[in-house]
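Database features (Swiss-Prot):
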DOMAIN    3-189  domain 'Prephenate dehydratase'
SITE      THR182  site 'Essential for activity'
DOMAIN    203-280  domain 'ACT'
Amino acid sequence: MARIAYLGPEGTFTQAALLEIAAAGLVPGHDDGGAQPLPVDSTPAALDAVRTGAAEFACVPIENSIDGSLAPTLDSLAIGSPLQVFAETTLDVAFSIVVKPGVGAADVRTLAAFPVAAAQVRQWLTAHLPNVELHPAYSNADGARQVAEGQVDAAVTSPLAAAHWALQSLADGVVDESNARTRFLLIGVPGPPPPRTGTDRTSAVLRIANVPGALLDALTEFGMRGIDLTRIESRPTRTGLGTYMFFIDCVGHIADDAVAEALKALHRRCADVRYLGSWPTGQTYAAQPPPADEAAIWLQQLREGKPEASPEPPL
């Protein structure tokens, strides 16, 4: 079974995503659905476990529909030895407010919450526990652990963690926005990408010279080839104030001619391009990369020594 690092302890949404990816047979070389979860105390630690060989893969959150992309994941992918995405899954996220058996809402004075979770239940807490004192947790499951060990009265956690720690729920399905979802990635050391499926995503990190028009020029490589960008986001390079790297997601696979040509052009144009992978999403997008055009077919025929077709005579 594949060793897969994830943000622990047992019972986090990340563990649930890991098990879903494994059950779907999306772990390269381990399509039997088996996985050996390896809990760690942060997302960067999960990715470092892959880099050091302590784990074969890591399952990490990349973005949620409430707060957007998760900076620790982005930064960890861009800095350090290269890693590659091989699969993804998206989970509907709703939380449980849990206490020890026999504790009621009136008894709750302190509550542990992972910062990302706290942001997604802020309105509920204001309405139902307005005077509660918030304590940080390093994950949703860690909040449940704090309740079980008597460090706090209540926690915002996952149903999986509540069951693991045998806690009682004050409320289930808690989330301020009913469409709250989180996307998770399966990441390993670089290798051959999964085969093209027709519903794929390709991602890269671009480091671009700080000159006028440089970003526009890079983005034009996608637009001129009819490639649909689904995300562009900047993060500081940490090398100096005002210097940024750009995370790009697009529809398509490196096996698509248009995507491959765009990546080659970016490699020529940018100071650095870090390929993060091409992988199946299971989602059908409106704009798929165009197939090889007539010019590409013509060029391939020349390379193969095939005669050019005679042009049609004018009428």
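Our numbering is plain: 1 for the first residue shown, then up by one each step along the chain.
A Cβ is built for glycine as well, from the same backbone N, Cα and C atoms used for every other residue.
These numbers come from a predicted model, not from an experiment.
A sphere of 10 angstroms centred on the C-beta of THR182 (site 'Essential for activity') encloses 22 other C-beta atoms. Here the domain 'ACT' (203-280) is broken down by DSSP into helix, strand and coil counts: 23 helix, 30 strand, 25 coil.
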